[in-house]
Structures are given as C-alpha cells and as structure tokens.
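The following features are taken from Swiss-Prot:
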- Thr50: site 'Part of a proton relay during catalysis' (SITE)
- Thr51, Ile209: pyruvate binding site (BINDING)
- Tyr114: site 'Part of a proton relay during catalysis' (SITE)
- Tyr140: active site, proton donor/acceptor (ACT_SITE)
- Lys168: active site, schiff-base intermediate with substrate (ACT_SITE)
Amino acid sequence: MSYQDLKKCKIITAFITPFHEDGSINFDAIPALIEHLLAHHTDGILLAGTTAESPTLTHDEELELFAAVQKVVNGRVPLIAGVGTNDTRDSIEFVKEVAEFGGFAAGLAIVPYYNKPSQEGMYQHFKTIADASDLPIIIYNIPGRVVVELTPETMLRLADHPNIIGVKECTSLANMAYLIEHKPEEFLIYTGEDGDAFHAMNLGADGVISVASHTNGDEMHEMFTAIAESDMKKAAAIQRKFIPKVNALFSYPSPAPVKAILNYMGFEAGPTRLPLVPAPEEDAKRIIKVVVDGDYEATKATVTGVLRPDY
C-alpha cells in the first residue's frame, strides 16, 4: 500500500488512543472503535498522531498499538503511522523501525516543534527522513502547534522527493490552493482541519485527516458525495450544520471532547493522559448535545469557536 491506495481515501481518521483509568492503553476497546469507524465511511486510519496523544506514548507503546490495530483492520483500509519528532535522528530510527514492522501505506512526520528551525533546516530534516527508508512520508504542517510554518515553496521542493508523497496541511486555504495548483501529479494534499474540509475539497484537495470522523463520518461522507456530484447547495447546507460541531469538538483541548462523545456513545475511549485532562462534566454534556444531537440552543449558548480552532 502506498500512494495509489491513499489516493482513494477521502476521509482518514486520526485515531484516538483508548486508555484505562490508570493511563494504560485499553487494547480491548480497539476492535469496537475500529468497526465503528469503518461502518461510518472512514477510508483510512492514522495511528499515533496528535489525536492519539502521541507526545505521551513511548515508541514501544506505539508499536503495540500498531500491531493491535493492524490485526483488527486486516488490510481493509490503508494505515498511516505517526513517525515524526523534533529530533531528526530519533525520527530516522523510528521510521526505519516502522518500515521494518510493515503494514503501513505511509508515515506521517510533523514539522519539528520547539526547535524553531529555518526553512532550510526543515527541508533537510524531511529529506533526511525520506532518504532513510522506503516508507513513504507525508508531511504534517501545523504551525498552530509547532510555532514554525513550512512555506509552500519549501513544501514544493520536498514534493519533488520520490519518497515524500503528500502533506497534511493546517495553514491557510490560500496556501492549500497554491500547493494544489503547483504540486507534482502524484502528491497528495489533505487538510488537517475538519472545518476547512468543504473548502479544501472544492479547491481540489484529496481529502481530510479528521477528528470529526470519529463521530460525524456519515455527514462528512454525504457532504463529499454532494461535492463530487456538483450539488453545491446540498454540500453547503451540510457544511453550515457541520461547522458548529467542529467548533464543539475543538472547544476544549483535543482529544478530550471527542473522547467524551465516544464514551457517551458506549465506546471505551477512556480518559486523556496528562498534561491533557478530560473536559469538565458540564462542558462535556454541552459538547455532546451539539455534536451528537445537533442541539441549536446548546450551540448558541456555548460553542463560540472559530473555523480553524487553536487546538
């Protein structure tokens, strides 16, 4: 699995990591969560990303998680592994380990956080990772979390690398439009912003790497189908109702809101690991009313987020 398999994926879910109350991974909860996603239009799954609370996972835990999910998925959809850190050497070592582990269409490597590298430093970081193994690399560009932004010009330099096959772009629609217009033919562009998915797909993006697909996969699929069928009136109507739900999902540090909803739905998502904490009970109730029930009064009263949330 690689570029061709991922090209078919419109909705890639950034999978949560289910935890027990003591903070250990709840491997028994994984099968039901996976089957739920696949029943509601998830086309691919990202493991050990931000939504999985990857900063709190050891590499050994990530490998255990990979094995557990691969066993359940059994090749039904492509999988992407989170492989990047702000340490190039550590990223290289883990990318090699994941490549040897097998079963992944690609690895997702984040722009280095905290170090604040230059554009050339970021270019060399990703080039070196991509050179290190035959695992295809997708770049994760999210300046709201990492402080620095990989510019479209640097991204296009990296897009020429044969082992860099795409980007999860969380900057602006202007940057996304530029990348779509100038990218190599076999280079995937996903938005990482659920609220931007409508606009990104209309610009020509390949899909979304999503948190909302844990809970709202059906309406996302319906919206994407309407776009593909050029029914903009229907797609826009879905988007108008979808935006408040996205804002609710990011009204508290993610993935606390989506975990609260999944727990409410009967899935054992469990708590978050520190330094993240669960959403307060009253906030969680209001989030559930918006995302699950589409409660208009709850939306008016409590959900005042933005199209591109901070979290």
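Cβ from N, Cα, C; glycine included.
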By CA-CA distance, flag whichever of Thr50, Thr51, Tyr114, Lys168, Ile209 among the recorded positions is nearest to Tyr140 (active site, proton donor/acceptor).
-> Lys168
Give me the Cα-Cα distance between the residue listed as 'active site, schiff-base intermediate with substrate' and Ile209 (pyruvate binding site), rounded to a whole Å.
-> 7
Using DSSP and three states only, what is Tyr114 (site 'Part of a proton relay during catalysis')?
-> coil
Find the one among the recorded positions Thr50, Thr51, Ile209 whose C-alpha lies closest to that of Tyr114 (site 'Part of a proton relay during catalysis').
-> Thr50
Would you count the other CB atoms within 10 A of the CB of Thr50 (site 'Part of a proton relay during catalysis'), including those on all shown protein chains?
-> 23
